[in-house]
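Visitor: Please see the structure below; I have some questions.
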Amino acid sequence: MLLTFQDRLRLPWRGGAKRISMEAIIPGAVYPLVLGLAALNEVTSYIMLGSIIVFLGYAHQYIKRNNVKTRFFYMWLWWSVVYMVAGLQFAVPLLELLPEENCILVLMGCASVYFMWQTKKHAAACHDIPSRSTDDDLADITEATAAEEEEEAAAHTALLIDNDSPIRSQKNRANSHQTNMCHVCRKYVSARTIHCHVCNACIMMQSHHSYWLDCCVGQYNLRYYNAGMVFSICTLFFGVYLTLTAICHPQLIGRIWNIPLMMPDDCSEVFDEYTLGTSYVLSLYAIIMIVYQLISLILQVIKCTRGPMFFIFGDMSQPFSKFYKKLST
C-alpha cells in the first residue's frame, strides 16, 4: 500500500506528471512542525532544536559510513532556506528592519544560492571519463614488420635492465602514483582521482562528497563551494544580527563609520508573542547552521594547507582521502 501511495503521489507537469519522492516531502513537513513546537516557549525550543541536532548528526554519520545515496539532506537544506527566508520576510515590517538592511541581506542570500547552484552544476564536470579511440586513430595503426618487432624487443629488454638499478627503481616508485587504476570502474583514471561510492563515479581531485548539496566537490566546483560557504556564513550571521537586535532589547557597544553597532541584551520576552518566538527560533537554528558551516570551512582550509595554497580556488589539487594515501604509498 505504501508503494502504491508513493507511486500515485505525483506533481502535474508539462509533458507528464513528475513523481514526488518521500525524501522531498518529509523535510518539508517535519521542519515547520518542529519550528511551530519550538516557538511555544523557551523549554520546547531547546528540546526541539537539540533533537534536530542529534537526529541530523546521527543520520548524516550513518549514511556517510554506509555510503548511502539519498537526497534527504539536500531537500532539508532547501526547505530550511525557504522557511527561513519566508519567516524573515513576513516579519520584516514587524521587526522594523531598514530597507537598506533588508536589501543587503537579500543580495547576500542570492549570492550564496548562486554559488551553491554553480557547485552542483559543475559537479558533473568533475567526473573522470576515460578517453576512447576514434576511427581516425585506428586508421593510423599499421602491422609491424619482423625487423621492427625484434628492434622493439631489444629496446624493451634494455629498458628492463636499466630499471633494475636502485636509483631508477626509486624514481619509478615515486612516479607510480601519477596514474591510478580504479578497481571499481575497472579503468585507468587520471592522477589524484578518487572513486566516490555514492555517486558511483571517479571524481577528479575530489575533496569530499557533500550530502547537503547531493554532489561531489572536486576540481571544477571547489572554488564555487568555498565561495558559497563564505557567503552563506556571512548571510546567516547578518540575518541573525538583524533579527536578534530587533526582537530583543539591544545594547549599543560602539560605532563603526558612524553606524551604531548593537548587540542583543535581554531576550526573555520573545516568547510572549508567537511571531517573535518564531523569529527567535529561526535565529537559533541559523546559529546552529553557522557553527556547522564554520567548522566545515575550517576543516576545508586545513585540508588545503596540506598542498598548494591556491588549491582553495580550484585548479590545483592535493589528495585528501585516506584511500588516496593508501594508493600513493
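Glycine residues also receive a Cβ, built from the backbone N, Cα and C atoms like all the rest.
Bear in mind that the values here come from a model prediction, so they are computed numbers and not experimental data.
The transmembrane segment feature in TrEMBL is assigned to 46-63, 72-92, 98-117, 229-253, 280-302. Taken from TrEMBL, the feature domain 'Palmitoyltransferase DHHC' covers 176-306.
Could you place the listed features in the three-dimensional structure?
Guide: Away from its own ends, the transmembrane segment (46-63) comes close to residues 34-35, 37-38, 70, 72-73, 76, 211, 281, 284-285, 288 of its chain (Cβ-Cβ under 8 Å, at least six residues beyond either end).
Counting residues 6+ beyond its ends, the transmembrane segment (72-92) has Cβ neighbours under 8 Å at 23-24, 26-28, 31-32, 35, 56, 59-60, 102, 105, 109, 113, 211-214, 239, 243, 275, 278-279, 282, 285-286, 289 in the same chain.
If you average pLDDT over the domain 'Palmitoyltransferase DHHC' (176-306) in this model, you get 84.
Residues 84, 88, 91, 95-97, 101, 104-105, 108-109, 111-112, 115-116, 260-267, 270, 276, 279-280, 282-283, 286-287, 289-290, 293-294, 296-297, 300 of the same chain, all 6+ positions outside the transmembrane segment (229-253), place their C-beta atoms under 8 angstroms from a C-beta of that stretch.
If you look at the transmembrane segment (280-302), the same-chain residues 6 or more away from its ends with a CB under 8 A from one of its CBs are 35, 38-39, 45, 49, 52-53, 80, 83-84, 87-88, 207, 226, 229-230, 232-233, 236-237, 239-240, 243-244, 247, 267, 270-271, 312.
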Visitor: By DSSP assignment, list the helix, strand and coil residue numbers for the domain 'Palmitoyltransferase DHHC' (176-306), in that order.
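Guide: In the domain 'Palmitoyltransferase DHHC' (176-306), the DSSP-based counts are 63 helix, 36 strand, 32 coil.
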